[in-house]
Amino acid sequence: MASEKHVEPVIGVIGGSGLYEIDGLKDKEWRRCETPWGAPSDDLLFGSISGVRCVFLPRHGRGHPIPPSRLNYRANIDALKRAGVTDIISLSAVGSLKEELEPGRFVLVDQFIDLTQGRQRTFFEEGCVAHVSMAEPVSHRLLTTLGDTAEKLHIPVTRGGTYVVIEGPQFSTRAESDLYRSWGCSVIGMTNMPEARLAREAEMNYVTVGMVTDYDCWHEDHDSVTVDTVVTTMKKNATHARELVKDAIASLGHKRELDQAERALDNAIITPPDARDSGLLARLDAVAGRVLFSHQ
Ligand SMILES: CSC[C@H]1O[C@H](OP(=O)(O)O)[C@H](O)[C@@H]1O
Ligand SMILES: Nc1ncnc2[nH]cnc12
């Protein structure tokens, strides 16, 4: 939990396609979590690794019943916040938009281009308006730890890269794929927005491990992407992902000072207290309780 100055980290892991559980959790227990925004994708898996508390959520639910456009991103992030999570590691299957990012490589994403449409992308609706900064959407502290851990484990890793988030569920056309390449994007996926936005609004650190499964459809030497390709490579990536997460969590447990993202709401809420909607404020209890209901 965050106190005035220090944080006892709790690591949240969001498992993407092919990752419906993680390894090495002690005292593990699946627990249902209700939120004011509806139900998260699944129960949360609580436990600890090397004494560090952690919470796992399968993004699409166990069995993968929920498509990217229908995920309740707000409920997922709120549930993790309510569970005490301070730092989120987002594990995601991604397509590669660069020759040198081959399937099997892990890309530690540091920027996003959000092309999603019609998803609920904020907790701060009518009645309490907030504008947080998204200039640096990921935690460089988490990125560095994951990069160092991946190198130690001999997992091919690239630090930094832009993830273009498409609405899906269909994969891209070749013209779209070429366009994203011309923008300099590194990888493509369907889920990390609005997830990263909402994590920022909820004052949680966030980082994405983009696990390359395919070359999308631009690469003339590779067949166009199919679910089969993605799932086959994802299964191979999953072993690496489990090792990475287990070791990274062990390194992330020390008590530390608050990061900038954990103060994202300090100067973000523009609606003055007397104009705020009490119903919305009640729903913001977990996400914005630090600034709305206390003086930390
Ligand atoms: C099964 S391929 C497409 C699917 O995989 C990725 O999901 P996630 O980020 O949860 O691993 C991609 O964004 C699509 O949703
Ligand atoms: N090529 C691709 N496009 C979108 N999402 C993906 N997830 C994995 N590969 C993908």
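Every residue, even glycine, has its Cβ placed from backbone N, Cα and C.
Whatever TrEMBL says is automated annotation, not expert-curated.
Per TrEMBL, the features are:
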type	residues	note
BINDING	Ser17, Arg59, His60, Ser92, Ala93, Thr191	phosphate binding site
BINDING	Met190, Asp214, Tyr215, Asp216	substrate binding site
DOMAIN	11-249	domain 'Nucleoside phosphorylase'
SITE	Ser172	site 'Important for substrate specificity'
SITE	Val227	site 'Important for substrate specificity'
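Overlay of TrEMBL feature records on the structure.
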| residue | record | Cβ neighbours (10 Å) |
| --- | --- | --- |
| Ser17 | phosphate binding site | 25 |
| Arg59 | phosphate binding site | 25 |
| His60 | phosphate binding site | 22 |
| Ser92 | phosphate binding site | 26 |
| Ala93 | phosphate binding site | 24 |
| Ser172 | site 'Important for substrate specificity' | 22 |
| Thr191 | phosphate binding site | 27 |
| Asp214 | substrate binding site | 25 |
| Asp216 | substrate binding site | 24 |
| Val227 | site 'Important for substrate specificity' | 12 |
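Contact annotation for recorded positions (Arg59, Ser172, Asp214, Tyr215, Asp216) versus ligand 1: Arg59, each with CB under 6 Å from a ligand atom. In sequence order, Gly15, Gly16, Gly18, Leu19, Pro68, Leu91, Gly189, Met190 are the residues of the same chain, not among Ser17, Arg59, His60, Ser92, Ala93, Thr191, whose CB sits within 8 A of the CB centroid for the phosphate site.
Here the Cβ of Tyr215 (substrate binding site) has 23 other Cβ atoms within 10 Å, regardless of which shown protein chain they belong to. When the recorded positions Ser172, Met190, Asp214, Tyr215, Asp216, Val227 are screened for a C-alpha within 10 angstroms of the C-alpha of Ala93 (phosphate binding site), the residues that qualify, in sequence order, are Met190, Asp214. Candidate recorded positions: Arg59, Ala93, Tyr215, Asp216, Val227. Those with a Cβ under 6 Å from ligand 2, in sequence order, are Ala93, Asp216. Remark: Met190 (substrate binding site) has Pro68, Ser69, Thr116, Val165, Ile166, Glu167, Gly168, Pro169 as non-local neighbours, by Cβ distance under 8 Å and separation of at least 6 in sequence.
The secondary structure of Val227 (site 'Important for substrate specificity'), as reduced to three states from DSSP, is helical.
Annotation note: Met190 (substrate binding site) sits in a coil segment as assigned by DSSP. Here the CA atom of Tyr215 (substrate binding site) lies 18 Å from the CA atom of Thr191 (phosphate binding site).
It is 10 Å from the Cα atom of Ser17 (phosphate binding site) to that of Val227 (site 'Important for substrate specificity').
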